[in-house]
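Per Swiss-Prot, the features are as follows:
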BINDING   CYS16, CYS18, CYS36, CYS39  Zn(2+) binding site
Amino acid sequence: MKPGIHPEYGKARVICACGETFETGSTKKEIRVEICSKCHPFYTGSQRTVEARGRAEQFKKKYGL
């Protein structure tokens, strides 16, 4: 590696929108994220599933068929 051309790699503080902070390695000092493992639905278990009904199912439900 050539000396003097690579950015400094050090500890970086990651700040989530939910308020959680943790440290990782990066060339930046501070990283802001919108979602992390503390607030992501997959990790918290609050994941919702969306049921999409087709037009035929809606018709059957509406008219009791």
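Here the Cβ of each residue, glycine as well, is placed from N, Cα and C on the backbone.
Here the features listed in Swiss-Prot are placed on the structure.
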residue: CYS16; record: Zn(2+) binding site; CB count, 10 Å: 18
residue: CYS18; record: Zn(2+) binding site; CB count, 10 Å: 12
residue: CYS36; record: Zn(2+) binding site; CB count, 10 Å: 17
residue: CYS39; record: Zn(2+) binding site; CB count, 10 Å: 16
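Highlighted in sequence order, ALA17, GLY19, GLU20, VAL33, GLU34, ILE35, SER37, LYS38, HIS40 have their Cβ within 8 Å of the centre of the Cβ atoms of CYS16, CYS18, CYS36, CYS39, the residues recorded for Zn(2+), and are not part of that set. According to DSSP, CYS16 (Zn(2+) binding site) is assigned to a strand segment.
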